Each structure stands twice: as structure tokens, then as C-alpha cells.
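Asks: Pulled from TrEMBL, these are the listed features:
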ACT_SITE  B:Lys192  active site, proton acceptor
BINDING   B:Gly12, B:Gly13, B:Gly14, B:Ser15, B:Phe16, B:Gly17, B:Ala141, B:Arg256  NAD(+) binding site
BINDING   B:Ser15, B:Phe16, B:Arg36, B:Tyr53, B:Lys109, B:Ala141, B:Arg256, B:Val280, B:Glu282  NADPH binding site
BINDING   B:Lys109, B:Gly137, B:Lys192, B:Asp245, B:Ser255, B:Arg256, B:Asn257  sn-glycerol 3-phosphate binding site
BINDING   B:Lys109, B:Arg256, B:Asn257  substrate binding site
DOMAIN    B:8-161  domain 'Glycerol-3-phosphate dehydrogenase NAD-dependent N-terminal'
DOMAIN    B:181-320  domain 'Glycerol-3-phosphate dehydrogenase NAD-dependent C-terminal'
Protein chains: 2
Amino acid sequence: MTDRKASVCVLGGGSFGTTLANLMASEAVPVTLWLRDPEMARHIREQHENPRYLPGIALDERLQVTTDLNAALATAEIVFLAIPSSSFRTVLQQIGPQLAGKQVVSTTKGIEQPGFLMMSQIVEQEAPEAHVGVLSGPNLAKEIAAGELTATVVASEDEQLCRDVQAVLGCANLRVYASQDRYGVELGGALKNVYAIISGMASALGMGENTKAMLITRALAEMTRFAVHMGANPLTFLGLAGVGDLIVTCVSPQSRNFQVGHALGKGETLEQGVARLGQVAEGVNTLRVLKQKAAEEGVYMPLVDGLHAIVFEHKPLPAVIARLMSAEQKNDVEFAAFMSAAPVKS
Amino acid sequence: MTDRKASVCVLGGGSFGTTLANLMASEAVPVTLWLRDPEMARHIREQHENPRYLPGIALDERLQVTTDLNAALATAEIVFLAIPSSSFRTVLQQIGPQLAGKQVVSTTKGIEQPGFLMMSQIVEQEAPEAHVGVLSGPNLAKEIAAGELTATVVASEDEQLCRDVQAVLGCANLRVYASQDRYGVELGGALKNVYAIISGMASALGMGENTKAMLITRALAEMTRFAVHMGANPLTFLGLAGVGDLIVTCVSPQSRNFQVGHALGKGETLEQGVARLGQVAEGVNTLRVLKQKAAEEGVYMPLVDGLHAIVFEHKPLPAVIARLMSAEQKNDVEFAAFMSAAPVKS
């Protein structure tokens with residue numbers, strides 16, 4: 001592809017899918033948003049607003065909307081997937097063959113069980129002829145939709161895919177950085193929700209800035225330890241899809257994960273918190289899956305263990321905190337030894 | 001050394017020195033705090049309070065205080081340096097020979113010009129027979145003094161020094177992690193203040209969570225790029241002395257650096273901001289030194305360049321932001337290529 005902007009299709013009319021599609025439409029990229037609900041499609045087409053997921057945000061008039069999946073895909077060169085993890089494989093099974101030769105970029109975070117599969121690994125299975133990538137970063141949809149400045153990462157082994165996504169998505173409000181570590185970028189997006197629960201808990205306990213920064217940093221060390229064990233590049237976690245996304249997730253009190261953590265910190269049980277908030281937070285499911293995988297793989301994850309003990313084993317919070325603070329004092333960044341430090345310049 | 005706790009001396013009665021000494025005293029470590037002001041020494045000895053730097057915090061009665069530098073050093077096995085960077089070399093010149101064979105740990109952040117020297121490099125020059133280390137992390141003194149949980153990093157090529165510092169300083173409220181990358185740990189502590197100014201500016205401009213997380217992440221990438229060029233280990237910046245300290249510095253509105261940034265973001269000039277706040281922020285000096293060093297070394301630091309343009313070249317803020325957001329979209333973590341990513345497990 002050259003300077004001509006590729007044709008794009010975005011699958012999924014939730015807040016992130018709508019935001020992405022709208023951003024590209026407003027930069028004159030030919031883009032079609034696919035969603036299931038004909039009523040919502042009509043509303044977006046006529047009122048230029050997504051009342052359920054982005055109420056009050058005026059969408060660009062050039063944004064095309066359809067409920068016809070085949071039509072949406074027919075002319076698209078780049079396909080962004082912004083469908084919930086619960087229906088991800090079902091949708092992919094329908095359209096797998098049509099994705100052959102296309103650039104397919106997942107923006108969905110989640111882990112499929114059994115198999116501990118990331119969403120882009122499902123794409124590989126269901127659309128083996130597609131070029132596969134992922135998009136992740138400190139990207140609260142409502143802020144991007146409101147025109148706030150931010151940055152994101154496109155990750156793929158396929159460098160052409162990265163360049164093409166940078167070309168259609170990069171604009172004055174969004175910088176798009178490239179990475180070759182698809183698995184690491186995707187894992188960061190999936191794991192962070194567990195640590196947002198812990199941050200909510202710390203906030204409920206009135207912990208100070210040192211403590212919150214320590215928690216985010218040790219969360220990062222723990223995520224990275226797990227990811228490196230699974231084959232990712234530790235340096236991915238220094239970037240926007242690692243620490244960047246972790247910070248935004250851990251400091252934003254709006255997320256359900258943070259709110260569940262806050263309820264736990266105030267002494268509610270998981271059941272009470274969920275009953276009051278009306279929905280299970282994604283991080284709770286990730287916690288269960290991650291605890292099991294870490295045990296199978298023999299990876300040391302004290303924050304995951306501690307949170308699991310509180311949430312599922314009903315251990316008292318102070319005892320878990322005391323155990324965390326009294327564990328053996330190890331190295332700050334244990335895989336630092338992988339890199340040989342050059343001599344100090346002076 | 002064995003389980004017996006080493007004798008410790010802390011030089012410097014500011015908020016951090018007093019906090020460190022008090023923490024050890026309350027864990028029954030034999031510790032002496034040295035400071036210059038006889039009046040303050042008497043007050044601490046009699047009232048168990050440091051009224052200037054930690055008003056309202058009750059200090060442990062076992063904390064010894066002296067104004068006699070030689071007496072303070074005579075029996076100490078571990079010496080913590082918490083003196084301001086402006087008088088650091090002068091004090092070291094007085095006591096260099098007495099430090100022979102001792103473990104000397106600098107907690108002071110700063111860069112000496114000319115020479116671009118970290119404080120521990122000054123210790124090496126003035127006390128060539130000492131074992132040298134540094135201490136750094138997300139460590140706001142007032143929060144540690146108030147008993148909040150946190151963690152810190154001791155960094156030294158000398159593993160015995162790291163273990164001994166872990167033994168005297170680690171306790172239920174403070175975890176002490178070890179690192180071998182002294183230069184990286186120390187550089188992180190010195191550079192972060194520049195980015196706290198930028199965070200204050202972002203706050204004044206009402207920027208969203210995505211934007212703030214992006215700024216911290218790109219700040220981290222930029223600090224790491226510079227540090228790696230200077231010989232540090234990039235993975236140090238994943239740890240408490242890198243991202244941990246950066247987060248706490250960038251989100252704490254109390255710091256002078258943040259406040260100067262806030263003033264700049266509200267449209268004041270540096271001169272107006274400094275006049276109102278009554279003191280030059282350390283980050284302003286670091287900015288000048290760093291801009292020059294980055295130019296000499298040919299290291300790309302767009303945030304430092306942008307801030308320098310605003311502070312010292314009086315460029316308008318919107319133009320600098322627009323230039324930052326329209327720069328070429330590069331790789332997320334450029335030195336990621338240094339690590340070979342292993343194949344993805346599934």
C-alpha cells in the first residue's frame with residue numbers, strides 16, 4: 001500500500017469500536033463500522049451518535065455503518081476487531097475464510113479457556129490466511145472520543161501491517177507506535193485488569209502515593225515475569241501497552257475492576273460487591289485463570305496469590321498485606337541479568 | 001556481617017535523612033543522625049521531633065543525634081548520605097579518608113557539573129577506599145515517616161553492601177530490593193524531576209488520564225534511551241527506582257517541580273512561577289544540564305527538547321505539543337530489539 005489510505009472495517013459497535021471507526025472517518029479514511037443492532041445502526045446513521053456507548057459525542061458524518069457482515073468485509077483491506085471476548089470465536093468462525101489476505105487487528109482483551117489463548121491466537125486458528133496484529137495502549141475510549149491526546153501500540157510480526165495501521169490511525173490526537181512483540185502487547189492488555197482490582201483496594205484503604213506507585217511497579221514486575229516465562233519480550237512492558245495501559249487502568253476510578261477492588265477494600269465480599277455493581281468485572285475472571293496458569297507454569301506471582309486469597313479464599317486483608325510485605329527481599333528486576341550492563345560512562 | 005545489625009550513621013537532617021534514621025532506630029538498629037544545626041539537634045534530642053522537616057512526627061527515642069561529624073562516623077559500618085547535592089562534594093572532601101572500608105550509600109539525587117557526575121561517582125572520587133551504593137525508589141519522606149507501606153532499591157556492584165542494607169533497612173513498612181545497576185538507579189532518580197514539570201503542565205492544561213499515562217510512558221522511554229546510551233541497563237527502568245519513582249514524582253502535586261510545571265501550564269513564565277513559588281525547582285536545573293548532554297551525546301529526547309523550548313526559548317505551548325504529536329511514529333520501545341524474543345507459547 002502507498003500513501004492512499006486503505007479501506008477499513010471495524011467490527012463491533014461498543015465504545016472502543018465506535019471510537020476507532022469515528023477517528024478514522026474524521027481523517028477521511030474510508031471506514032465502515034459493523035454492528036448487530038439495526039436500531040443502533042439506524043441511530044448512528046441518522047443522528048450521528050452512539051447513544052448507548054458514547055452518549056453526547058457527535059460522530060463524523062462520513063462514518064458508514066452496516067449490520068451486514070459480508071458487505072462490511074467485502075472491500076476492507078484492514079479489519080479491526082472490537083467485539084467482546086465472549087463472542088470473539090463465534091464471529092471469527094463465521095468470517096474466517098473471508099479474512100484471507102487481509103490485515104486483521106484485534107483490539108479485544110481477554111483469555112480464552114481452555115488453552116490460555118489470546119484473541120489474536122484465535123484469529124490465527126480461525127483465519128489462518130490473514131495477516132494478524134493487535135492494538136493496545138492507554139486508551140480509555142471516552143477520552144479518545146473526546147479528542148484528548150494519546151498514543152497506542154500496533155504489534156505484529158508483519159511490519160507492513162504495522163506501517164499500514166500507523167497510516168490509517170495516526171493523527172494529530174493519536175500517535176501509533178509499532179512493536180514486533182504481539183504476544184507481549186496482548187498479554188499486557190489482558191493481565192492489567194487484575195491489578196486494577198488491587199489499585200481499587202489500595203484506594204479504599206487510603207494508601208499513600210508511595211504505596212500506590214510501589215503496587216503499580218511490583219504489578220509490572222509480576223506481569224513481566226509471567227510474560228517473559230511465556231515467551232514475551234520484557235521491554236514491551238516498558239512501553240505504552242505495558243506500563244502505559246497499566247497506569248491508566250490503575251488510576252481510573254471509573255473501571256469496574258477498580259470499583260470491585262474498592263468494594264473489597266471497604267470490607268465487602270466479592271458477592272456483595274458484584275451484587276451492588278450489577279456486573280462481574282473482567283479482572284475477576286482473569287484472576288482465576290491467571291492463578292491457575294501461574295501455578296501450572298511455576299511462576300511466582302505474589303500479588304495474584306494475595307488477591308486470590310482475599311477474593312476466593314476469604315483471607316483477611318491485613319494478613320495478606322503483612323505476608324506480602326514480609327516476603328524475602330529479592331532483586332528489583334530479576335530478569336535484569338538477561339541484559340549485560342555495559343560499563344558506566346563518566 | 002551476620003544477623004547482628006550493623007552500626008549505622010545518617011548524614012543530613014533533612015526530611016529524608018531524618019526519616020531513614022528514625023525508621024532504623026525504631027527497628028532497634030544502632031543509628032546516629034548527623035546534622036549541622038545544634039539547635040535542631042537539641043530539639044530532636046529533647047523533643048523527639050524535627051520541627052523544620054517533619055513537623056508533627058514523633059521520632060523514636062532511641063535515635064541518637066550529633067553535630068560532631070567525626071564522632072558520628074567513628075563507629076559506623078554503614079553510612080547513608082542524605083546531604084543536599086550543593087554541599088555534597090564539600091562534605092565528602094572533609095570525610096573521604098574516614099570512609100575507607102565502610103559501606104557508603106548515597107540517597108542524594110543530582111548531577112554535578114562540569115562532568116555530568118552522579119553523587120556516588122563523587123563518593124568514588126573523594127573516598128576511593130569505600131564500598132559505594134545508592135538508594136532510590138518511590139519514597140516520599142513524609143509518607144514513610146507516617147508509616148505508609150513502600151519499597152526502595154539499594155544498588156551496588158557490591159552484593160554484600162546490598163545484603164547489609166537490606167538487613168538494616170527492611171522492615172514491615174519498607175521492602176528493600178537489590179540491584180546491581182548503580183548508575184541506572186541513580187540516573188533515574190536524577191532525571192525524573194524534569195518529567196514532573198511536564199506532568200504539572202499536563203495537569204494545568206486539564207489533560208485526561210490517557211494523556212497523562214502516555215506522558216509518563218514516553219518519559220520513561222526517553223529516560224531509558226538516555227540511560228542505556230550512558231551504559232545503564234534498560235530493565236532498571238521497569239523497577240522501583242525507574243517507573244516507581246517516576247510515577248510517584250509525576251502524580252504528587254506537592255513537589256516543587258510539579259508546581260513549576262503547573263505554573264507554566266497556566267501561562268506563567270519560568271521567572272513568574274519561580275518568583276511566586278519562592279525557589280527554583282531542581283528539575284529546571286536538570287533540564288538545562290540534560291538538554292546539553294543529550295545534544296553532545298546525540299540522544300533523541302523530544303520531551304526534554306519540548307520543555308526546554310517552552311521554559312528557556314519561550315516557545316508557545318500549543319506549538320510544542322503539536323510538534324510532539326506529529327513527529328515520526330517510531331517503535332514503542334526501540335531497544336526492544338536488544339532482546340531476542342523467544343517464540344510464543346500457546
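Any Cβ shown, glycine's included, is placed from N, Cα and C.
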Asks: With an 8 Å cut-off on Cβ-Cβ distance and a minimum sequence separation of at least 6, pull the same-chain contacts of B:Asp245 (sn-glycerol 3-phosphate binding site), or say none.
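Replies: Sequence-distant Cβ neighbours: B:Ser136, B:Gly137, B:Pro138, B:Asn139, B:Gly188, B:Gly189, B:Lys192.
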Asks: Say you check the Cα of B:Arg256 (NAD(+) binding site) against those of the binding-site residues B:Arg36, B:Lys109, B:Glu282; which is nearest?
Replies: B:Glu282
Asks: Under a three-state reading of DSSP, tell me whether B:Lys109 (NADPH binding site) is helix, strand or coil.
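Replies: Where B:Lys109 (NADPH binding site) sits, the three-state DSSP reduction gives coil.
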Asks: Measuring Cα to Cα, tell me the gap between B:Lys109 (NADPH binding site) and B:Phe16 (NAD(+) binding site) in whole angstrom.
Replies: 12
Asks: Identify which of the recorded positions B:Arg36, B:Lys109, B:Lys192, B:Arg256 has its Cβ surrounded by the largest number of other Cβ atoms within 10 Å, counting every protein chain shown.
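Replies: Of B:Arg36, B:Lys109, B:Lys192, B:Arg256, the one with the most crowded Cβ is B:Lys192.
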Asks: Which Cβ among the binding-site residues (B:Gly12, B:Gly13, B:Gly14, B:Gly17) has the fewest C-beta neighbours inside 10 Å?
Replies: B:Gly14
Asks: Counting other CB atoms within 10 A of each CB, which of the binding-site residues B:Ser15, B:Ser255, B:Asn257 comes out lowest?
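Replies: Result for the binding-site residues B:Ser15, B:Ser255, B:Asn257: minimum number of other Cβ atoms within 10 Å at B:Ser15.
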Asks: Tell me the Cα distance separating B:Ser255 (sn-glycerol 3-phosphate binding site) from B:Phe16 (NAD(+) binding site), rounded to the nearest angstrom.
Replies: 14
Asks: What Cα-Cα separation, expressed in whole Å, is found between B:Ala141 (NAD(+) binding site) and B:Ser255 (sn-glycerol 3-phosphate binding site)?
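Replies: Computed Cα spacing between B:Ala141 (NAD(+) binding site) and B:Ser255 (sn-glycerol 3-phosphate binding site) is 12 Å.
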Asks: Give the sequence-ordered list of residues that share a chain with B:Glu282 (NADPH binding site), lie 6 or more positions from it, and have CB atoms under 8 Å from its CB.
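Replies: When sequence neighbours closer than 6 are ignored, B:Glu282 (NADPH binding site) has B:Lys109, B:Gly110, B:Asn193, B:Arg256, B:Asn257 within Cβ distance under 8 Å.
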